[in-house]
Amino acid sequence: MSQAPWLIVPAAGSGLRMGANRPKQYLRLAGRTVMWHTLQRLHSVFPEARLCLCLDPRDSCFEPDVVPFARWQRIAGGGERADSVLHALEWIAAEEGDEQALVLVHDVARPCVTAEDLMRLHDAVDADAVGGLLAAPVADTMKRDDGAGRVASTEQRAGLWHALTPQGFRLGLLRDALMDARRAGRGMTDEASAVEAMGLSPRLIPGRRDNIKITHPDDLALAEQILAAQASGPHTAAREESC
Ligand SMILES: Nc1ccn([C@@H]2O[C@H](COP(=O)(O)OP(=O)(O)OP(=O)(O)O)[C@@H](O)[C@H]2O)c(=O)n1
Ligand SMILES: C[C@](O)(CO)[C@H](O)COP(=O)(O)O
């Protein structure tokens with residue numbers, strides 16, 4: 001592996017859609033917290049990385065012992081996810097002289113990301129002139145609603161992908177892209193969309209569909225099942241006896 005990347009983990013959200021009594025990154029998952037699992041997954045592949053962990057300044061749940069990295073920095077989160085990421089990029093830019101340094105951004109709410117996907121993402125974006133993101137092709141038919149609980153239209157599924165994380169870009173490009181988006185007042189829900197707004201096309205790196213973002217209450221039980229399945233080893237339909 002080339003030089004270890006910078007890691008930004010946005011973890012300053014409040015988890016409103018989860019509706020729990022604490023931010024979802026502090027909910028129990030397979031005997032630990034969601035944050036513990038996510039940081040362990042990242043550390044297992046990038047032990048030498050420098051981590052920027054974006055936390056709400058009012059966060060009273062965070063315990064530094066959860067961080068396995070030797071080099072890490074607490075970053076004050078912002079109003080939106082993109083603001084939190086930009087705060088981290090500005091801190092990194094002040095520390096890092098190389099604007100070409102590789103930065104990977106991964107949601108704390110995605111604890112099921114596998115080492116294989118992390119390595120494949122890193123190698124692909126490290127070799128790409130623009131950067132890219134893990135993504136999963138849409139398998140369901142997608143409907144757009146009419147605002148009144150009925151179908152307005154069916155979206156073309158071909159070529160449609162779920163954007164996942166990590167998303168990886170060069171420090172200077174990503175900082176400039178997010179600053180441009182902020183100046184233009186464009187709400188960005190991921191890093192790639194800010195880079196797209198600069199007229200660039202990030203690479204789509206196919207990733208596992210079990211790299212879910214814990215967002216709603218039923219996602220926690222699903223994540224438990226995914227972690228258990230991952231621990232039991234790879235499952236391939238081909239291994240099943242024919243019926
Ligand atoms: N101002 C914010 C908002 C979100 N995030 C982080 O961005 C990731 C994806 O955001 P999301 O799933 O929307 O988390 P929340 O904002 O906590 O959820 P909700 O929208 O339901 O409140 C999460 O890891 C979250 O902690 C962040 O760092 N700073
Ligand atoms: C970055 C992301 O996880 C890609 O799917 C997603 O956009 C985060 O969105 P959220 O509304 O901040 O959860």
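Including glycine, each Cβ sits where the backbone N, Cα and C put it.
The annotation site 'Transition state stabilizer' is assigned in TrEMBL to ARG17, LYS24. What TrEMBL lists as site 'Positions MEP for the nucleophilic attack' is ARG157, LYS213.
Sequence features, as recorded in TrEMBL, placed on the structure.
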residue : record                                           : Cβ neighbours (10 Å)
ARG17   : site 'Transition state stabilizer'               : 13
LYS24   : site 'Transition state stabilizer'               : 27
ARG157  : site 'Positions MEP for the nucleophilic attack' : 12
LYS213  : site 'Positions MEP for the nucleophilic attack' : 18
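Taking a Cβ cut-off of under 6 Å from any atom of ligand 2, the recorded sites ARG17, LYS24, ARG157, LYS213 reduce to LYS213. Among the recorded sites listed here, namely ARG17, LYS24, LYS213, LYS213 has its C-alpha nearest to that of ARG157 (site 'Positions MEP for the nucleophilic attack').
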